[in-house]
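What follows is a single structure, written as structure tokens, with notes after it.
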Amino acid sequence: MRSDNQSFLWDPPKDFILLGISDRPWLELPLFVVLLVSYILAMLGNISIILVSRLDAQLHSPMYIFLSHLSFLDLCYTTTTVPQMLANMGSSRKTISYGGCTVQYAIFHWLGCTECIVLAAMALDRYVAICEPLRYAIIMHRPLCQQLVAVAWLSGFGNSLVQVVLTVQLPFCGRKVLNNFFCEVPAMIKLSCADTAVNDTMLAVLVAFFVLVPLALILLSYGFIARAVLRIQTSMGRHKAFGTCSSHLVVVSLFYLPAIYMYLQPPSSYSQEQGKFISLFYSIITPTLNPFIYTLRNKDVKGALRRLLARAWRPCRR
């Protein structure tokens, strides 16, 4: 009998129930429409950024190499979570299999940590462009950009692997109701019935490394950039320099502020009710806004989009 009870405690559930906003059924239809529209816009916007960065020769600079990877990350981000959320909102069964849940939070954390490092690499690019303009082509050469991107993806994968290995060992004692829209590590730790001190500590250490270290590098880069810009004599020059950085700063703020709130507190003590809506924000709203932020505030991207549309429209007019 004891063996059977132990097996029950340690055997993972076959699936999890994702509560989402089941307690507010009147919100499901409006949220479904918002998510669907946001997902379509995120797909269109990020695919457009990737296409113009690849197809337009004027956008083959390091900045747009990083931007195309950021857009690809946002595409994957939304696709990892939003289709599942839409399926659950359109169904009375709001479940996800144990394996599907594991894959979801593994990919989600992989992409999140990768994006932290890509944003730091973009800040480095802006620092070199403004503070070392004459040496920009020498410092930010293509192989270095590719190496930085590779480090970002591999580091994110390493973080995700550690989190998955620790999380799949947690027992749930028959608990299977997740008060969230999708699976992520803090919610899984909160659901566990075992001592999660090791998981809490490891999550805090890894998040501090992958969130705070890149953020510190970003702030340091922009500190040097601000000092360099204030030395520019003409107001037009200062405006142009700030203009090249403002889009990136907005994106950094949209990404880091929710991440800091979510992950830089012990998962065992964070509010799931608040956390699930913050998760919803950075899993769909931020990836949807990013391409529009870069497009609306960037003359090069707007020009490249016009040229791409003109090329696509030309055969139709014949």
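Backbone N, Cα and C define each Cβ position, glycine as well.
Look at TrEMBL and you will find 29-52, 64-87, 107-128, 148-172, 202-230, 242-264, 276-296 tagged as transmembrane segment. Per TrEMBL, domain 'G-protein coupled receptors family 1 profile' is recorded for 45-294.
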### Query
Taking residues 6+ outside the transmembrane segment (276-296), which of them lie with a CB under 8 Å of any CB in it?
20, 35, 38-39, 41-42, 45-46, 48-49, 67, 70-71, 74-75, 77-78, 81-82, 108, 179-182, 184, 187, 247, 250-251, 254-255, 258-259, 261-262, 302, 305
### Summary
Confidence over the domain 'G-protein coupled receptors family 1 profile' (45-294), expressed as mean pLDDT on the 0 to 100 scale, is 84
